[in-house]
Amino acid sequence: MNYDRILIRYGEISTKGRNRNKFVEKLKRSVMTVLRPFPKIRVEASRDRMYVILNGENGIEIIEKLKHIFGIQSFSPAIKVERNVEALKQSSLELVKSLYKEGQTFKVTPKRSDKTFELNTDGINHTVGGYLLQNIPGLRVDVRNPDINLRVEVRNEAIYLSCENILGAGGLPGGSSGKAMLMLSGGIDSPVAGYLAMKRGLAIEAVHFFSPPFTSERSKEKVVDLTKKLAGIYGSAIKLHIVPFTDVQQAIREQIPENYTMTTTRRMMLRITDEIRNKQEALAIITGESLGQVASQTLESMFTINEVTNTPILRPLITMDKTDIIKIAHEIDTLEISNRPFEDCCTIFVPASPKTKPRREKVQHYESFFNFNPLIEEAVQEVETLVIQPYDQHSEFDSLF
Ligand code: ATP
Ligand code: MG
């Protein structure tokens, strides 16, 4: 028997009170975006659930796509049945028959959100269960651990039958948490940080610091490819801001004692990112930092670097081990791109022994001898903004997950 729709359950959205409509609207938009390759489907959203009406489109392919949309807790292929007992019995029989394999067990799980239906839950249980037992030889009841669990949901407008409950990706719908700037290097960590932020409903714009001729076109290409992968997650374009950073870095090298260049470099990167954030009206900055991973990621370093802004800095990886980060990078298919050789602007002038415990007073003192503001302004003025489309949504979207 062919399912005619997929019932989507929202999960965490349902705890969002008055914001609920906005969340449902965002989720609907995500679903419609990802299901663009299926023009005949229709999406019906209400406050507590959503239906994808298949209209003959391939349900199996659609199920695969739905598994990766943030904001969906679970979903079930379902059949809509008229609200009458005969129709309920017939459709239940057809559905269970189509799934039944010899020797299997079943149970009926009725749910009535509309109490005016002529059968109560016990009545549904007996009527439907009895009818199935009569008509499918060998079928047995097992209420604890059935092979087939037929859910019968009686609602105002109709009855819905389903047997499978498929786990969704969780998280919050795309863009429902607002917008943040992702500091995207060519490394392993920052794309993973971007992915996790997107899972919590953040829309992102990427910022990349580029220092030609010390960093090559190839490193830029790498960041473009990583952004493409991230764009595939929501199935929509992401802005990538490329910041020309060479002049700032040269000035740092000339003005700052060697063991503090890394600290100042990070502070300048953060200041520039914050200016771009302000222009783009985002409310936070995301980085791929993980506590203690390298010299710039000790608590003392973060304290000193973070001084330059009070914008929230989100660090989704802060407590994660490298092995766990690599695992996610592999799952989201960014690992291979990140592993391509490249030069990062932060590694080219790396001092032999960067301070692992830089102090605010010291760095303020060193920076006070030179006015970095004009260079920062110039870098912001000369940002090149690319709009990166996702990898071909039709063929490559799947490989993302
Ligand atoms: P990643 O794997 O993300 O490069 P990492 O472990 O190499 O991280 P760092 O090089 O110390 O760590 O960078 C820390 C964070 O600073 C990165 O995760 C990223 O968010 C940001 N960052 C570093 N280099 C750049 C760059 N060239 N452009 C933009 N952001 C950067
Ligand atoms: Mg790096």
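Glycine is treated like the rest: Cβ placed from N, Cα and C.
The structure displayed is predicted, hence computed values, not measured ones.
Annotated in TrEMBL:
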type    : residues                                               : note
DOMAIN  : 60-165                                                 : domain 'THUMP'
BINDING : Met183, Leu184, His208, Phe209, Arg266, Gly288, Gln297 : ATP binding site
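Shown on the structure are the features that TrEMBL records.
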residue: Met183; record: ATP binding site; contacts (Cβ under 8 Å, 6+ apart): Ser190, Ala206, Val207, His208, Met269, Thr273, Ile285, Ile286, Thr287, Gly288
residue: Leu184; record: ATP binding site; contacts (Cβ under 8 Å, 6+ apart): Ser190, Pro191, Gly194, Ala206, Val207, His208, Val223, Leu226, Thr227, Leu240
residue: Gln297; record: ATP binding site; contacts (Cβ under 8 Å, 6+ apart): Glu289, Ser290, Leu291
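The DSSP secondary structure for Gln297 (ATP binding site) is helix.
Take the binding-site residues His208, Arg266: by the count of other Cβ atoms within 10 Å of each Cβ, the lowest one is Arg266. As a whole number, the greatest separation of Cα atoms within the ATP-binding residue list Met183, Leu184, His208, Phe209, Arg266, Gly288, Gln297 is 19 Å.
The average pLDDT for the domain 'THUMP' (60-165) in the predicted structure is 94. Every protein chain shown contributes to the tally, and the Cβ of Phe209 (ATP binding site) ends up with 26 other Cβ atoms within 10 Å. Highlighted here are the binding-site residues (Met183, Arg266, Gly288) whose C-beta falls below 6 Å from ligand 1: Met183, Gly288, in sequence order. According to DSSP, Gly288 (ATP binding site) is assigned to coil rather than to any helix or strand. The secondary structure of Leu184 (ATP binding site), as reduced to three states from DSSP, is coil rather than helix or strand.
Residue counts for the domain 'THUMP' (60-165) under DSSP, split into helix (H, G, I), strand (E, B) and coil, are 37 helix, 31 strand, 38 coil.
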